[in-house]
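S.K.: I have a structure I would like to understand better, so I am pasting it below and will then ask my questions one at a time.
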Amino acid sequence: MDAGEVLRLDREHVWHPYTAVPSGVPVHVVRRAGGVRITLGDGRELIDGMASWWAAIHGYNHPRLNRAARDQIDDMAHVMFGGLTHEPAVRLAHRLTGMTGLDRVFLADSGSVAVEVAIKMAVQYSGRSTLLTVRGGYHGDTFAAMSVCDPVNGMHHLFTGMLPRHVFAPAPPHDYGRRPAPASESGPDEAYLAELTAAVEAHADRLAAIIVEPVVQGAGGMRFYHPAYLRRLRDLADEHGILLIADEIATGFGRTGEMFGCDHAGIRPDIMCVGKALTGGYMTLAATLCTARVADRIGVLMHGPTYMGNPLACAVAGASLDLLAERPWREEVARIEAALLDGLAPAADAPGVRDVRVLGAIGVIETDQPVDVAKIQDIVMEHGVWLRPFGRLIYTMPPYACTQEDVARIAGAMVAATAAL
Ligand code: PMP
């Protein structure tokens with residue numbers, strides 16, 4: 001099929017995320033993806049500054065991940081997980097518990113479902129049905145997940161009538177990460193700590209759990225908050241016998257410079273959700289982990305998707321975690337952080353730019369006004385880079401496999417895009 005035919009059929013039949021059919025916004029045909037680049041239907045090669053939405057940390061078409069998928073498919077692509085088990089799933093579960101210090105693993109099929117399962121765990125554990133979350137948060141597009149997202153983030157307002165009501169603490173100030181000079185890392189905001197404490201204490205006797213994205217609020221605004229807030233939530237949860245759920249779907253597996261966002265605060269949650277980079281961006285797989293104490297009290301957990309524990313996805317995830325363990329990801333992410341800080345610095349003074357911030361392999365330009373997505377994409381694509389800005393954010397979370405030149409190119413494209421503000 002030529003690229004024109006793909007686009008014609010796409011326009012006729014296919015929904016893309018958060019769009020109509022036809023989408024009304026430009027859609028590009030991808031022919032191939034290899035290393036950190038995607039190749040479009042017209043032959044253009046772009047560095048993927050999005051890593052397929054935080055996931056493709058090793059880059060595309062990786063021989064080790066390809067081999068893991070190929071080897072596994074020759075044994076079995078899938079079998080039901082009800083009453084059956086297999087090596088790829090138990091190996092992965094063992095690996096994840098070793099990495100997180102948690103004990104039990106529910107293998108889900110997407111990040112949103114992992115959050116649904118975490119919420120079910122908290123409800124079954126506590127017999128309560130109210131959660132505390134923070135404004136600015138994002139946890140997925142399924143119903144329970146939407147109910148703990150910031151209701152004003154614009155993504156879920158059509159469904160508010162159907163969503164259970166939870167308690168919302170104020171959004172954390174974004175006072176973490178690094179910024180071009182002269183501003184630098186600041187300490188925690190004591191007034192915010194007091195607000196957070198008051199919000200939890202006011203509702204403590206009816207809370208099943210507190211759910212947060214550790215240190216980075218992703219789709220809710222790409223905000224980086226001080227680990228002291230997370231530590232306070234851990235303390236408050238302990239004090240009041242409430243579970244702490246860490247949604248590490250975006251932050252997990254090294255993205256923020258630590259293996260998990262919780263590591264910035266030196267805490268362990270009772271329940272953790274992981275996804276996205278779990279399979280290195282190859283397959284749809286996520287997991288909800290919890291402590292033995294939580295699992296023992298829950299007993300029978302009421303969830304069981306058809307594709308639970310998919311052997312192909314588990315085998316690729318195992319290979320992706322092997323690769324992560326072998327690659328010097330900490331140094332790679334630190335190098336990306338330095339290159340982003342350096343490369344994005346000129347944007348700090350550009351008209352229409354409110355803030356430039358970097359944490360690990362995440363670089364953000366926040367603007368004063370919502371950006372014209374198509375216009376920004378045109379500019380960055382001219383620079384050989386793929387990005388998907390949203391709202392007031394032009395941002396990147398590149399594959400760890402990017403070279404310094406790749407990162408400089410991404411940052412340069414982002415700075416160039418500020419000319420369109
Ligand atoms: N939680 C967080 C923190 C996320 O960033 C996302 C995805 N953007 C989700 C949950 C939902 O994951 P998925 O898109 O795989 O359902």
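The first residue you see is number 1, and the count goes up from there.
Note: Cβ is positioned from N, Cα and C throughout, glycine not excepted.
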S.K.: Quick one: which of D48, D247, D368 does TrEMBL put in the pyridoxal 5'-phosphate site with G111, S112, P305, T306?
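M.R.: According to TrEMBL, the candidate sharing the pyridoxal 5'-phosphate site with G111, S112, P305, T306 is D247.
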S.K.: If you count other Cβ atoms within 10 Å of each one's Cβ, which of the binding-site residues G111, G304, P305 has the most?
M.R.: G111
S.K.: For D247 (pyridoxal 5'-phosphate binding site), what is the secondary structure state per DSSP, taken as helix, strand or coil?
M.R.: strand
S.K.: Just counting, how many other CB atoms are there within 10 A of the CB of K276 (substrate binding site)?
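M.R.: Excluding its own Cβ, K276 (substrate binding site) sees 28 Cβ atoms within 10 Å.
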S.K.: So if I draw a 10 Å sphere around the Cβ of Y138 (substrate binding site), how many other Cβ atoms end up inside it?
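M.R.: Result for Y138 (substrate binding site): 22 neighbouring Cβ atoms inside 10 Å.
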S.K.: Kindly point out which of the binding-site residues S112, D247, G304, P305, T306 have a C-beta less than 6 Å from some atom of ligand 1.
M.R.: S112, D247
S.K.: Around W53 (substrate binding site), how many other C-beta atoms are within 10 angstroms of its C-beta?
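M.R.: Neighbour count, Cβ to Cβ under the 10 Å cut-off: 16.
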